[in-house]
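Asks: The structure's right below; bear with me while I get my questions together.
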Amino acid sequence: MPSYHRFQSGETVMGRWPGSSLYYEVQVLGYDGKTHLYTVIYKDGTELELKDSDLTSLALFRQTSGRSRSRSRSRSPGRPRRSRSRSPARTSRRSSSRTTEVRKERIKDSLEIRLTPLVMRHENNSNSKPEKKEENNTAKITPTVVEEKKEAEAENQGGGRYNLRRRKDQGDGKAVELEKKTEIETESLTTKPPAPIKTADLEFGGRVGVFLLMLLLPSAILALLLLCGQKDASLQSFPLELPASESLWDWEVFGIVLLWLLFQAALSLIPVGKVVEGMPLSNGKTLKYRINGFYAFVVTTAAVAAAVHQEVDFSYIHTHFLQFYTSALLIATVVSIYLFIRSRWAAKDELAPGGNSGYFIYDFFMGRELNPRIKSFDIKFFCEMRPGLMGWVLINFSMLLAEMKQQNLESPSPAMLLVNIFQLLWVADGLWHEEKLLTMMDIVYDGFGFMLTFGDLAFVPFTFTCQAYYLVSHPNELSVFWIGTLVTMQGIGYYIFRKANSQKFAFRKNPSDPALSYLKTIPTATGKSLIVSGLWGFVRHPNYLGDIMMGLAWSLPCGFNHLIPYFYLIYLITLLVHRNARDQRQCRNKYGSAWEEYCKAVPYRIFPGIY
Ligand code: NDP
């Protein structure tokens, strides 16, 4: 049902500055019917969400302020104003000194003049003037202003009157440092504990949806693996016969999976590789991450090569594939339970915005804690990149060996080789650019619960390998023309994917980078800009487009006999379309009218001319 709201986007009204009785001219950027909050922008660029009761029309404001001015003029100078402080010390002095009143008036005036944006502009692509201006503004923030903001936040926390949370952003340079400093000053003055996060918008169909997902996903993957492995891989061969219990569980396999995890964890702790800072968290802190994924990959490859030299038969993974899957599933479930339990002791400001609804099942799935760590070991960052991604490459290799064995080949088939090489490139690229993961939604926004744990440890290594698994028992001949076509498709997809991701990362890191000066941008009220030319002007998510092209190049080598090897492609398109919708929502909230402008300039989301 559309909700009624008094003011429309673009309207200029008077907005109360949170925690004070001061009103400023603001422009309405939008209204959220769910939270009943208006997004408004002040003249200095500060963007906040305000309640209806804190907004008033210009005409009404002039009327009332006119009346109050005339009332205050008629007030006898000797009659003291009520002090805002209830401290006994101040009350006793209150009426004795008129100079105190005059000082208060001056402070109030200075506040009106000096109130500066607390959410600052971080970037400027075309020239550096606005950035400088903001630095000056920041320098002007007086203790009084900080105190005023502190009061505003305290009021916000206490009664939930305003939404003063920092808009999710924030990566760009110097200004962030300044913003952090302001926040630290503010924090030190704050006495109240942070307000608990409460997730209002439930995704994936809420409690029922995530419950069904948790139930169906593990079984769906089992069904996929059974189908991929049997001679008739057609979907019509459902319902499947359930395998014997011994083919689903093996303690030796479970031990190997545990050892693999420990080996990768040990590699991640080796003090090799640079240490970088992640994105600023909502509490103003930043976490440090050691970037050594690619080194770990090289060491793992050397270890596997040494094992092959020692005649270790890696096709063992293929013959025990279901048991590997169930072991990974069990470990993912146990890790999720551990994460949920430990989140009870997590500080309130370390919880994820999306996983704290108060509903057990939902929060277990989405993950309550944003960055669960055991000392410096970041569990989420580790799981996202290491065991699953490298496991994927290792499983593919085992499928290659299994194919040669099963089909009596002296060398792997071209189809199997292409699948192995293409996917190896994707994983190596991801590990090489490991640092970029720190700006992704998974790290910045999502909690670490069953969804990501299961995704990282079970879903990725056992479903992304489905093409290679399929090819072991379903050979597919490829002509030279097809090989050329697939290599070209992979090459173009990779180029778009890499270029788009690297360009955005470089731009967010340093928007004034002369190497990026050719890009056209749209400024936003948060200070960050949106790229509107080149790949980001072609579609709104060129990186998704490149990823999907690669997904197609990985599936086509399996031929057209069955749908099952296209599982990855279908999943990827579904995931990225859903992710795109999530991201659109967040960007609309973050950037308001600037995002609308971007959408008008770049109408297609992922597929040019189609979607
Ligand atoms: P993006 O890297 O596209 O990040 C989206 C963010 O980019 C937005 O929230 C916004 O954040 C910023 N942004 C959006 N438009 C612009 C613009 N025009 N100019 C500048 N900044 C913009 O999305 P993801 O994190 O979802 O994906 C990253 C990569 O990972 C993709 O290549 C994707 O294909 C891949 N991926 C692959 C998966 C798989 O299973 N194979 C799963 C998930 C992702 P802000 O403004 O705050 O910077």
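Positions of Cβ are set from backbone N, Cα and C atoms, glycine also.
Found this in TrEMBL, in case it helps:
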- 100-112: compositional bias 'Basic and acidic residues' (COMPBIAS)
- 120-137: compositional bias 'Basic and acidic residues' (COMPBIAS)
- 169-184: compositional bias 'Basic and acidic residues' (COMPBIAS)
- 5-63: domain 'Tudor' (DOMAIN)
- 61-192: region 'Disordered' (REGION)
- 208-228: transmembrane segment (TRANSMEM)
- 248-270: transmembrane segment (TRANSMEM)
- 291-309: transmembrane segment (TRANSMEM)
- 321-341: transmembrane segment (TRANSMEM)
- 444-472: transmembrane segment (TRANSMEM)
- 478-497: transmembrane segment (TRANSMEM)
- 518-539: transmembrane segment (TRANSMEM)
- 559-578: transmembrane segment (TRANSMEM)
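Can you tell me where each of these features sits in this structure?
Replies: Taking Cβ pairs closer than 8 Å, the transmembrane segment (208-228) reaches residues 202, 235, 237-238, 240, 243, 321-322, 325, 329, 361-362, 365-366, 450-451, 454, 458-459, 462-463, 466, 469-470, 564-565, 567 in its own chain, all 6 or more past its ends.
Residues 263-264, 267-268, 270, 272-276, 385-386, 390, 394, 397, 427-428, 430-432, 434-435 of the same chain, all 6+ positions outside the transmembrane segment (291-309), place their C-beta atoms under 8 angstroms from a C-beta of that stretch.
Using a Cβ-Cβ cut-off under 8 Å and counting only residues 6 or more beyond its ends in the same chain, the transmembrane segment (321-341) has close neighbours at 218, 221-222, 225-226, 229, 243, 247-250, 253-254, 256-258, 261, 363-364, 367-369, 372, 379, 383, 395, 448-450, 453-454, 456-458, 461-462, 469.
Tertiary proximity for the transmembrane segment (559-578) is limited to same-chain residues at least six positions away from its ends with a CB under 8 Å from its CB atoms, namely 224, 227-228, 233-235, 415, 463-464, 466-467, 470-471, 474, 476, 541, 544, 547-548, 551-552, 606, 611.
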Asks: DSSP-wise, what's the residue breakdown of the domain 'Tudor' (5-63) into helix, strand and coil?
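Replies: Looking at the domain 'Tudor' (5-63) with DSSP, the answer is 9 helix, 28 strand, 22 coil.
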